[in-house]
Structures are given as C-alpha cells and as structure tokens.
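**Student:** Below you'll find the structure I mean.
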Amino acid sequence: MCRIAGTPPRILPPLALMLLAALQQAPIKATCEDMLCKMGFPEDVHSAVVSRSVHGGQPLLNVRFQSCDENRKIYFGSSEPEDFRVGEDGVVYAERSFQLSAEPTEFVVSARDKETQEEWQMKVKLTPEPAFTGASEKDQKKIEDIIFPWQQYKDSSHLKRQKRDWVIPPINLPENSRGPFPQELVRIRSDRDKSLSLRYSVTGPGADQPPTGIFIINPISGQLSVTKPLDREQIASFHLRAHAVDVNGNQVENPIDIVINVIDMNDNRPEFLHQVWNGTVPEGSKPGTYVMTVTAIDADDPNAQNGMLRYRILSQAPSSPSPNMFTINNETGDIITVAAGLDREKVQQYTLIIQATDMEGNPTYGLSNTATAVITVTDVNDNPPEFTAMTFYGEVPENRVDVIVANLTVTDKDQPHTPAWNARYQMTGGDPTGQFTILTDPNSNDGLVTVVKPIDFETNRMFVLTVAAENQVPLAKGIQHPPQSTATVSITVIDVNESPYFVPNPKLVRQEEGLLAGSMLTTFTARDPDRYMQQTSLRYSKLSDPANWLKIDPVNGQITTTAVLDRESIYVQNNMYNATFLASDNGIPPMSGTGTLQIYLLDINDNAPQVNPKEATTCETLQPNAINITAVDPDIDPNAGPFAFELPDSPPSIKRNWTIVRISGDHAQLSLRIRFLEAGIYDVPIVITDSGNPHASSTSVLKVKVCQCDINGDCTDVDRIVGAGLGTGAIIAILLCIIILLILVLMFVVWMKRRDKERQAKQLLIDPEDDVRDNILKYDEEGGGEEDQDYDLSQLQQPDTVEPDAIKPVGIRRLDERPIHAEPQYPVRSAAPHPGDIGDFINEGLKAADNDPTAPPYDSLLVFDYEGSGSTAGSLSSLNSSSSGGEQDYDYLNDWGPRFKKLADMYGGGDD
C-alpha cells in the first residue's frame, strides 16, 4: 500500500485516499499502454513534503520503481544511510530523529539488480512542510475531542484497557487569524475521567518552551486553545505533547503527540534576489539564444499557489529594431532572444522590466513585484586592426636585451578591451635569427618591438622587419573585411665599447709539479671585439691566485711562477689549480673581462711514505695478535704503492724481537718474533719504500705498547684498571664506613630494648587511679625459683581468720596491693585438714609481706623466668585458704580499676 509522507494509512482523509488511488492507478495504466517495458525509476527527481520534525522509523514517502520482471530481485539503497533507509517495498524511512532545514533536503535513492548488478538512481527532495495544509475549517471542527489512545474492554470479571491502533491526525490552523483569542482548537480528554479527577497539560515549543504561551490548555476540561495569530513563515508546525495526571501528579495516561500545522496564506509578495540583473548577448545572435535567468522567491508555501510564481516582461527599452527582441520563460525566468537584428554598433544595451506574480500569475488575486534586467550586446570581431603608419623606426645599442626599440600603433573599431579588439602581432620577415619579439600593451593595444637576444654591431648594423596584426579571435564569418594589415619596422644598431674576452676561456695548462719560481709558464691574452672603434690597448692583471704562485705581464700577458708548484698543496683540488686574470681596455667607458687559467699539475715522486697509525698495542706473549699498519704517501700512482716494508738492521734488537710481513700493496703486519717480551713501550723503526722512479723511502717510528693480555687477547693493564677504578684507600674507607654503620645500628637496637624495659618498670609505679588504660598485663612470669630454701614447714598453718589490712599512707602503696578502702568481712571457710599446717605458714607470710613496705617484693623489675632444675615440693592442689569452700563477696575487685576488669568479671561477674 502506498503511503503519503508522514500520514499513517488508517487515518488518511478522503482527499488523500483519492490522491493515493490516482497514484496507484497511474503506473498501471502506463504499463498497459506501453508496448516496451523500461526498467528504472519513472522520474529523475521525486519531491515530497514532510513534517519539519522527523522521528526515527517514520515512513516518509514511497518511491516507485518499474520492474519488467517480477522474478528479479531489486535492492534499494540510500546515499545518506545515516539519515534515511529504503525498505524492500520502496518505502523511505527516517533512521533517526532530526529537524529538516528550511532548504529542501536532497539525497539519492538507488536500485540495484542482484544478478546483473545494473543500477538505477533517482534524486529525492524533501521539503519541510506538512503533507496536508488545505484542510478546511469544517474539517477542523470535526476534531472535537482527542482521547488518549486506550480503550476499555471487559475481561471475565473486571475491565481492562488496551492501546488503540490509531494515530492522532494533525490539527490544521490558518496563519494570520484575527481571533477572537484565545481561540479553541480541540479538547483533550482521557476515558478515565469518569472515575478519576484528572489534570491536563501540554508541553513542547509553543507551550512551555520558546516561544512560550502560544498554546494553552484548561487543566480541568482539557480544552486546547491558541492565544495569538500564527505566522507560517516563522514556524510552519508545532509538535506538542499532551499529559494527563491525577490530582496527586501521578501519570494516568501515556503522553500523546499533537501536531499543529500552520496553513499558509498569501501574505508575502515575491522578492527578486537582485533588483538589477545584468546579462550579455553577442550581436547578431540567432533567435532562441539564451541570455540570462532572473529569480524571485516567495516566503509563502512553494508547493501551494501562494508560492508558485510566474514571470513576464512588462517593457523593453529601446524598442529598436523590434519592441519584442526578448521573451522570458514564465516558470523558470530564463530570458532568450526571439528576434534577429542585434547590432552593437546601433544598440549597445537593452533594459527590460520583469514582473513576478504569485498565485501562478493570477493578475486578480496574485501579489507581484518587479525588477530590472540590463542586457548588454557584446561585440563580435567584424573589424580587423589596421596600422596607423606603413613604416616604424627604432634604434638599439648592441648587446642590450629586453629593450623596447619601437612602438607599433593600430586602430580597431570593435569594442575596446575585448577579444575582438585586442591585437596580436607577428613578424613575417627580416628576423631569421629570432633577435626580436613583439608584445602587446594591454592598455593601448600597441605592439612593443623588444630585443630578446644580444645584437653585435660588428655583425649586423640594421634590421628591417615586416610585421602583421590580427585580433585574438578570428573575424566573424559572413562579413566582408579588408585584407590583413602589415607594416615595416626599421631598426638601427648603435656601436658601444664592449668588454675584452680571453681566448680560450678557461685555458688549460699541464705542468709537472716542482716547477721553480721565476719559470715561464704560459701566455694568456684577450681580444677586443670593437673592430670599428678607435684602436684601444689592453692591460692585464691578476684577479685571483689562492697560493700566490703566479704573476702576469701587464702588456703581453706572459705568466711566470713566483713559487714552487706543489701538487700536494691544499689549494690544489683533483690535481687542478685555478687562477683568474683580468684584461682591461682604455675605451670610454673602460671595459674589462676575466679569464680563468687552469693548471693541471703532474705528480713527481717528491714525498716519501709514512707509517699509519703512529701508535699500537700488542700482548707481551707470542699470540696471533699482529699489528696492522698502513703506508701513507701523498703522491699518486705510479709514485705511491705498492710499498716495501722492512725492519732496519740497527739496532739488532729490532729484528731479534720483531718481524714484519707485507699483506698487500699498502698494508703490512708487525708481530713479535720471540715468545715473551716484557711489558713496556717500544719504538719500532720501519723502513717503507714506494714504487716511484726513482724510489723514495723513509724510516717511520711506530710506538708499540706491550702489555699483559687475557685469554681473549685483550690488554689487561693493571695500571689502566686501577686508574679507571677505585684505589685501595678508597676501598678501605668504604669498608670502614660500612662497619661503623653496622655498629650504630646495633647500638640503636640495644638502646631501644633497654628503653622498653625501663618503660615496663615505670608502669608498675604509676597510680592506677591516674593511669587508666585498657591494657592487658602479663602476670604469668614467676621468676627462676625460690631463693630461700631453708624454711619451716610447721609454720605453714592456715589461719582461722584474715585480718583486714591496715590503711597505709598515700604514696607508699604497692601497685599489686588491693585498693585502700574498708573491706567487707566474709565468713571464714572451713579449712580442710592438711598435714604440717602449710596454709597457716603461707597466710602469715602473706600478711607480713603486705603490711611491711620494706619486705620483698620491692618496686623493681624482677626476673621470674627461671624455675630451677626441679621442685622438691609436692602438689599444691590440696592447699586451702581460710575462705575455701565458702561464698565470698568479690565486688571489691571492681574498685581496682580497668586493669583488673577481666579478673572482676571472672569472680564477681554473677552467673557468668
């Protein structure tokens, strides 16, 4: 089913259904009538009008594709896949939600045959306007109530609500309404208003978002109203959301979308993009020649009559040779010629008054506007250029270039500064060597005869040139014109004093090095090209001589040496030495020229070879670690290598300790002859002889350092290692520092342990009333045994009663005593009989110790971790106190402070 942009199929109005039926029948009729089937899109451009607000998944339009074979698989695609998607049925969907701009949105829909890979394309234009804007006020009044899309139905014993399958149609509201305001539009309600007290509201641009206050709603009745006139050119449609909540603000219905389309009215005149339009047309153009296009725009809906424009020409000035020389396409604004006879020489410009009218050009109801079109008749080349004289004259000094020697003037009746007027000049004779060229002055159209190559007066004293002139474009066909215009240019060459020049330049001389100072080397002279001027004389001088080896005679140019020529000099590059000399005449003005003398120095055997490197290192034992040496000779072949290497006979220790072997023409190896050579530095003389004729030899001294080597043959010189590492004193200092550091650490640990013991001893002297800390003390250390082994067992008799302690002064009480306060009296427990009355002895000793501050234990740190080798006493499990077996009150333990809380809980904690 074909769907019109943005309108669901179930709510299409009758007008849309008729249009849809027409669209569906049109291609079928065409298919039946056509004899041949042509696959593809039926149109190149498909235009559609959609809402300005596009939602993701919204169907926009249906593209038609004509397929001649139903079995073919056609796949559709979009050039903007992020915004638009084309389904298999040709329906274009929006991929995401966005707002269309004021300008039409364009993209390309493509269709591809899966088998043949043939592809067709069609451009789609989306205009941001509502699909239907022509609904009448009668149609609007029919939409009285908008009910939230839910309906009730009975399910067994109770009612249920089900979402309706329909979409609320847009509300069409004409712009520029005169009211009265507020103007009621529609009533929004929920079918649950019978059982609940509801409150209605709308949100969105135009309601609670800018521009706010355009649409209001009665919260009780749901009546939606507009408060002021609307302007379609500012906002073409409003997208509102209606909400229904109960009196507590709880959502009762899902929000519904309400689209209000502003119907366009013809309230804007057409406006031309420019008030004055300029165009050109060549003279003599045939009827139907395109001239220009004028364009006007209308702010009203371009898809309705309000925005459909038509153009026409109101007047033409001048009216020669015909009052209707031009016509205009009433829809596109294209201006073309309709009559012949355009002649620039008679009429150079036409002025047309153009009118644009909307309502498809209806003169009664349409609004119109005018603009001016100025058409300039351009010139064609119907007049050739003509020289103003038959002969032109000029002169030029010799050896000058880029000099204008003559101006050629022409006349042309065509329009200045056009291709039909601009002249081009050609030389048809008199310049076989290309000494001249003719340029065109863009302002005056004159021909500028210019020298491009130097002219020698001694060769040519005068030139007679023949030139012709033509335009940049060829002459128009069918027009009679005179023959091409030509002229003669006579140019005289003026003689000037020219610079002398050396011959040859540069001059090459081959000479062996070692030429003594004062020797004649060569003669280097120059020539004066001025043969027709008064005889001049030349003088020579030296301009550049880097090594200062040469001098030149100022009259005859004879060059002699002032120093010995040395090929090995730093001023010689690649055997070549360069010097520059100057030749000057006495003309007016005086001129000079330079010449370069190149001396190629041939090598002689004047340098003896030397050893390289000058120092080497080897092991003190005979090992395969020979020293590689190289002979270096500044001379070149044949005065250089191959070289001969040998050791001198004196002193004898040289050949006794060393041996040398040549391994190539330039290299040799020096090695020990004996098994061991004491470490040290030795000067080894080596005699090297080159291959020159005569031979040149020299004795070079090689300093060899003999040292101890490791198993890899690398030198392990102890002095070098010590020099590179730490000395003995430094190592001893480091060790002493480490020992001192360890002693300090040990002393610190001992001091920490001693301080901990002192802290523990001080804890016993702290008054528990002043030092109340919830700490757990350890009392299971009993010392190393009893010191007094001589005791009377008969004294260990359990006392009948326990007397209360005497009250001691504050400050002499021990920390292990009970607190000083009146103690309750407890009944004496019956003591079990015990042989020897050990219990009495213990009680008496305990009482005496408690009452005597001088009796042990003293307030000092005692050691109780040694119990001796064994105890002679038997088991103490049968010892009884005077209170054994009886109930005692241990509440006094609670007065001892937090340290004895655990003990108090054990004895006085009640049932626990």
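The backbone N, Cα and C atoms fix where each Cβ goes, glycine too.
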**Student:** For the candidates Asn330, Asn497, I need the one that Swiss-Prot annotates as N-linked glycosylation site.
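**Tutor:** The candidate carrying the N-linked glycosylation site note in Swiss-Prot is Asn330.
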**Student:** In Swiss-Prot, which of these is labelled N-linked glycosylation site: Asn407, Asn880?
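**Tutor:** Candidates were Asn407, Asn880; Swiss-Prot attaches N-linked glycosylation site to Asn407.
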**Student:** Considering the Ca(2+) 2 binding residues Glu233, Asp264, Met265, Asp267, Asp300 given in Swiss-Prot, which of Glu175, Glu184, Glu345 is annotated for that site as well?
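**Tutor:** Swiss-Prot names Glu175 for this Ca(2+) 2 site.
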**Student:** Do you know which of the recorded positions Asn266, Asn306, Asn407, Asn657 has the most other C-beta atoms within 10 angstroms of its C-beta?
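**Tutor:** Most Cβ neighbours within 10 Å: Asn306.
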**Student:** Against which stretches of its own chain does the transmembrane segment (730-752) lie, if we need a Cβ under 8 Å and a gap of at least six residues from its ends?
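**Tutor:** Distant contacts of the transmembrane segment (730-752): none.
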**Student:** Measure from the Cα of Asn628 (N-linked glycosylation site) to the Cα of every one of the recorded positions Asn266, Asn268, Asn306, Asp358, Asn407, then give the nearest.
**Tutor:** Asn407
**Student:** Roughly how many Å separate the Cα of Asn278 (N-linked glycosylation site) from that of Asn407 (N-linked glycosylation site), to the nearest whole number?
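**Tutor:** A Cα-Cα distance of 37 Å.
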**Student:** Work through the binding-site residues one by one (Asn266, Asp298, Asp358) and name whichever has its CA nearest to the CA of Asn578 (N-linked glycosylation site).
**Tutor:** Asp298
**Student:** Taking only same-chain residues 6+ apart in sequence, whose CB is under 8 Å from that of Asn330 (N-linked glycosylation site), what do you get?
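**Tutor:** In sequence order, the residues whose Cβ lies under 8 Å from that of Asn330 (N-linked glycosylation site) (at least 6 apart) are Arg310, Tyr311, Arg312, Gly361.
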**Student:** Select one residue from Asn268, Asn278, Asn578, Asn628: among these recorded positions, choose the one with the most other Cβ atoms within 10 Å of its Cβ.
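**Tutor:** When each Cβ's neighbours within 10 Å are tallied, Asn268 tops the list.
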**Student:** Note down the number of other Cβ atoms within 10 Å of the Cβ of Asp358 (Ca(2+) 3 binding site), including every protein chain shown.
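**Tutor:** For Asp358 (Ca(2+) 3 binding site), the 10 Å Cβ neighbour count is 26.
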**Student:** If you average per-residue pLDDT over the domain 'Cadherin 3' (388-502), what number do you get?
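**Tutor:** Reported value for the domain 'Cadherin 3' (388-502) is a mean pLDDT of 89.
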**Student:** Could you count the residues of the domain 'Cadherin 4' (503-609) that DSSP puts in helix, in strand and in coil?
**Tutor:** 0 helix, 48 strand, 59 coil
**Student:** Nearest by CA distance to Asn407 (N-linked glycosylation site): which of the binding-site residues is it, out of Asn266, Asp298, Asn306?
**Tutor:** Asp298
